[in-house]
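Per Swiss-Prot, Zn(2+) binding site is recorded for 337, 339, 499, 514, and the stated evidence type is sequence analysis.
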């Protein structure tokens with residue numbers, strides 16, 4: 001028997017339903033394709049809520065917990081890593097009405113395992129319980145089978161057409177797919193054929209058929225989108241990209257309509273057996289989202305763990321520095337990406353000579369470019385995903401020789417593509433191995449035994465595709481140098497180091513590249529900036545603006561391989577015989593620093609007993625942990641380098657050079673808070689989500705991965721597209737390598753200036769007010785002096801939670 005459609009459901013307007021669908025679309029994060037994958041905050045849609053409320057919402061929508069098991073916190077409390085004072089301080093931050101009555105009750109709650117999280121059921125799950133048929137699995141498998149073809153980015157030889165949109169394309173296939181009927185869903189293909197022609201009309205129709213109330217829409221739509229896993233997030237990515245370019249995209253709504261057609265068909269097929277359970281589910285979806293007492297306890301424990309880490313960080317920053325200060329002109333200044341992996345190398349390099357100092361800046365070096373590589377028509381967005389490219393660049397000068405080389409490279413590439421398609425074609429693939437297998441023996445042995453060598457990028461030096469006038473070049477150079485707090489005291493040699501990772505047999509390789517460069521390596525941006533700052537006309541104009549670069553200062557680009565800590569200098573871009581001796585010395589320093597950094601990294605990597613083992617891991621097909629990437633990230637520090645130089649931050653901190661005394665109007669501070677800090681928060685929260693909820697926010701087991709459509713990976717034979725980080729990226733097989741802590745942001749600047757920026761940017765402020773990020777102001781000695789407590793208020797940070805009586809809140 002069919003469920004009787006309620007009067008409320010019938011009265012729901014088209015606009016109300018579509019608005020709820022659009023809100024649900026923004027409750028899930030986007031997923032970038034593998035070729036340019038970047039870290040994404042899985043809690044992007046919950047940034048306006050505190051952790052305990054987000055926990056309640058995601059438990060209903062996904063059946064997950066968003067903090068670690070309580071035993072994890074109990075172990076740290078017992079070992080003394082979390083102190084009683086940390087627990088007390090965290091307890092005080094929780095809303096008084098919802099927290100335990102006292103700290104003793106909180107400590108008792110730690111010993112009790114929290115209830116297993118349960119999502120509100122869908123119709124598919126209710127039907128599974130009644131019929132003993134795995135309808136959720138069948139739905140996921142059929143949608144995944146179609147989506148892999150629809151969203152394919154060149155992997156499939158026979159691509160599914162996309163004309164008409166996702167909903168229309170799916171209907172064409174679903175009306176001829178008898179799998180649901182074979183499984184027991186009678187009449188499904190006919191119901192799809194009879195469904196409304198547009199996704200929006202289908203949503204309205206299904207809402208009525210399912211008897212949904214207005215209050216249930218948001219929660220139910222969110223729930224259905226989470227059941228789609230990465231496929232919903234791929235659609236969300238399309239919406240993100242469209243809105244970035246001033247447009248829109250209906251793909252998320254299309255997928256939601258597809259999923260709801262399955263629900264409506266299952267409810268119709270299930271009859272009266274599903275009605276009681278479904279009515280209860282609708283009531284649960286309609287109930288307001290509210291944090292439980294267990295959610296509050298878990299959020300307090302998470303806060304206590306983060307306060308313990310902040311206390312340790314303050315101790316490191318307050319300790320005397322071992323850095324040696326140069327009394328004369330520096331020999332080498334080397335700018336790195338703020339990436340936490342750079343901290344290890346920077347510390348190693350600076351330890352070699354007092355004439356060396358390093359700087360930290362976002363790895364795209366202020367160049368928001370769309371770059372076309374040599375012999376390619378693909379424009380790569382090499383900038384933070386929050387931004388749109390402002391300049392289009394290409395590789396090589398338009399000379400006859402370069403044009404001939406490009407034509408030859410294109411012919412070679414087309415031949416390789418044709419050969420690759422021949423290997424995979426439906427007929428030729430059967431005879432391919434027998435006919436040509438022997439000629440691959442040498443390559444198989446070389447690659448299988450990790451004997452192949454990585455090579456530095458060989459593209460010609462990049463340049464703007466259309467020449468930029470002097471005023472534009474001058475404005476760009478001045479803006480970038482000021483943003484780097486790098487306007488004086490230039491060394492003879494300044495190296496701008498982008499970073500990338502050279503690994504093999506790794507679908508997530510782009511995730512190891514530079515996040516600020518959109519998932520690409522950073523050498524192109526560094527080369528462009530070096531060329532700009534070596535321009536004599538630009539230097540003359542900068543001098544008129546008060547930025548004097550000595551005539552003997554040479555800027556060079558470099559590429560830091562974060563997997564092996566090898567550094568490639570692009571000295572041929574700007575030949576300078578007068579700097580030959582400097583380059584020889586710098587080359588030696590970089591080699592020595594690389595050896596030191598590899599030795600430190602080897603201590604954390606499994607089966608890396610010596611620093612020499614690191615290079616082999618990068619070439620090993622079977623290596624599932626070539627590097628730890630950004631695992632362990634805990635802090636973001638924007639301050640002069642002197643505040644962190646000579647202090648061992650263990651590769652856990654993003655380091656951004658910033659001097660507020662030179663930042664008139666605090667425009668640079670605003671840029672740091674709204675761009676690099678947000679990107680760092682996405683990275684931190686991706687690692688956090690992949691650790692606390694790997695079943696939902698993690699990519700699963702690398703050993704089971706199959707690349708699908710060039711978009712992402714599935715585990716095994718198909719189904720749900722996995723998102724986030726593989727388990728091997730946060731766990732070494734015995735213990736967690738990433739400690740799931742929300743990022744602590746430390747800024748050396750007046751609290752009034754920071755507060756004014758937060759007030760102008762509500763979305764940024766929400767991250768701090770709801771404690772997705774912690775915020776501290778450093779004093780003039782680089783010590784943590786003030787803690788942001790929300791609502792534009794600050795308290796004195798004393799470094800020891802026991803001194804709560806010294807708390808003094810002020811309004812910034």
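Glycine is no exception: its Cβ is also placed from the backbone N, Cα and C atoms.
Shown here: features listed in Swiss-Prot, placed on the structure.
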residue : record              : Cβ neighbours (10 Å)
337     : Zn(2+) binding site : 30
339     : Zn(2+) binding site : 27
499     : Zn(2+) binding site : 27
514     : Zn(2+) binding site : 27
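DSSP gives residue 339 (Zn(2+) binding site) a coil state; it is part of no helix or strand. The Zn(2+) site, placed at the center of the C-beta atoms of 337, 339, 499, 514, has further neighbours from the same chain whose C-beta lies within 8 angstroms: 336, 338, 341, 342, 363, 498, 500, 513, 515, 516, 517, 522, 560, 562.
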